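Colleague: Pulled these features from Swiss-Prot for this protein:
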{"type": "BINDING", "residues": "17, 208, 210, 244", "note": "Mn(2+) binding site"}
{"type": "DOMAIN", "residues": "8-271", "note": "domain 'Pyruvate carboxyltransferase'"}
{"type": "REGION", "residues": "408-546", "note": "region 'Regulatory domain'"}
């Protein structure tokens with residue numbers, strides 16, 4: 001019986017593979033905010049995390065399963081290595097979701113078997129059916145991945161896939177784990193799997209790929225032509241190393257070139273039926289949310305969601321667009337949720353008006369979060385005459401982004417000029433013992449002085465590796481968004497903040513980054529690809545939900 005869904009399923013792994021980007025560590029509230037937005041976006045599957053990694057990861061997957069998992073919503077999925085410890089933890093984490101999936105995997109390439117797993121092909125042929133079968137006793141929906149499939153021996157790969165399907169796998173994922181393959185090679189690999197695995201019709205073929213050679217999206221589209229029906233991707237293409245295949249690029253390629261791809265689904269070229277279930281008008285908002293919460297700025301020239309994606313500098317191009325946008329634009333900006341509309345909110349606007357506008361924009365805030373957001377709105381309205389949707393997005397994103405706060409900024413005072421040394425006075429609250437302390441520092445500029453003072457107070461050794469600031473909207477009174485990235489022990493942590501005063505924004509962003517660093521070191525998680533299987537057969541936690 002064919003498992004072909006008749007369209008493309010979008011499997012979002014922003015919260016799992018995307019979070020493995022250096023500096024992109026997210027707290028529980030941030031993960032929930034992104035998961036809710038992914039559900040509004042219309043993804044079919046949310047890979048919420050790797051539950052066995054740490055108690056924090058388990059709790060996040062469990063909370064998303066409980067709060068975002070709905071009968072009419074996305075499947076909530078957790079990752080598990082091919083071992084009982086991982087699979088059991090994964091099942092317990094996703095169990096509250098009405099639609100749940102266990103995604104288990106093992107490497108199939110000889111280089112991974114020899115150097116990472118220290119196992120033989122014979123070992124893998126024994127492990128795969130045993131672990132898939134075990135997972136099947138817990139949930140019906142099982143995805144199995146052949147890690148590093150693109151560098152695996154094809155005949156061995158076919159054998160592993162056949163065993164996984166026979167044991168109960170309903171989705172077979174073919175990863176290009178190191179971004180090694182080219183479109184023609186990847187398309188042929190999917191085609192050959194269809195031809196050489198006798199029971200392949202009993203499972204959906206999925207693909208997962210990294211962008212090390214800049215070919216991930218092209219590889220996926222070639223895979224679609226050859227029978228892949230699930231695409232594993234991330235918002236803004238974030239992920240380890242050069243990132244993953246970009247969700248927005250894949251979705252819009254299938255949207256804009258639907259007449260081309262329809263034939264691969266046995267449809268009439270002019271069929272109006274969408275190839276995905278994505279609500280494209282939610283793309284821009286989702287991109288900005290992920291960018292703000294992870295601290296990973298989207299490059300200006302990035303397709304679909306970059307600041308310049310719909311900008312025209314050339315006079316010839318500008319003239320053509322003014323006469324007819326189709327002359328130089330293949331996508332209407334409104335299709336991905338871009339709008340120049342401004343809202344008439346100001347300092348006289350009340351809580352109800354702000355709440356109503358946020359609800360129209362798709363934000364569902366708790367009473368406490370709404371009160372905090374409204375307080376920030378009123379503070380901004382006293383300094384800025386006209387409040388735009390982008391201003392509200394910045395306010396809400398920062399509100400959600402606040403990590404577990406060991407440190408809270410109480411005072412920022414800076415003096416600088418061309419005839420004086422930049423000097424910063426900072427007061428910081430340490431919530432661990434509820435004490436305030438003040439420090440004064442000089443620096444090469446006001447931001448450097450602020451960071452030096454904060455380092456004196458926090459006493460958390462780190463290296464500042466990136467500082468960036470951009471304007472949220474136009475005008476002299478615009479909010480300035482600051483992103484700061486710091487490094488400690490080869491790990492990167494990001495902080496983000498927005499304020500009409502960029503020095504205050506920089507101070508808040510630096511404190512956020514410090515709080516992330518402290519929170520991450522408490523978390524003590526493991527990586528699914530770099531820890532051996534033996535570790536996962538140990539007892540996970542006596543009470544993993546705590």
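Here the Cβ of each residue, glycine as well, is placed from N, Cα and C on the backbone.
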Colleague: Count the residues of the region 'Regulatory domain' (408-546) that DSSP assigns to helix (H, G, I), to strand (E, B) and to coil, and report the three numbers in that order.
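Modeller: Breakdown, helix to coil: 40 helix, 56 strand, 43 coil.
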Colleague: Out of these binding-site residues, 208, 210, which one has the fewest other C-beta atoms within 10 Å of its own C-beta?
Modeller: 210
Colleague: So for residue 244 (Mn(2+) binding site), how many other CB atoms are inside 10 Å of its CB?
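Modeller: The answer is 29 other Cβ atoms.
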Colleague: Relative to the Cβ of residue 17 (Mn(2+) binding site), which residues of the same chain, six or more apart in sequence, are found under 8 Å away?
Modeller: 47, 208, 232, 234, 239, 240, 244
Colleague: Translate the DSSP assignment of residue 208 (Mn(2+) binding site) into the three-state scheme.
Modeller: strand
Colleague: Cβ within 8 Å of the Mn(2+) site centroid (17, 208, 210, 244 excluded): which residues?
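Modeller: Counting only non-site residues, the set is 13, 175, 177, 209, 216, 232, 233, 234, 239, 240, 243, 245.
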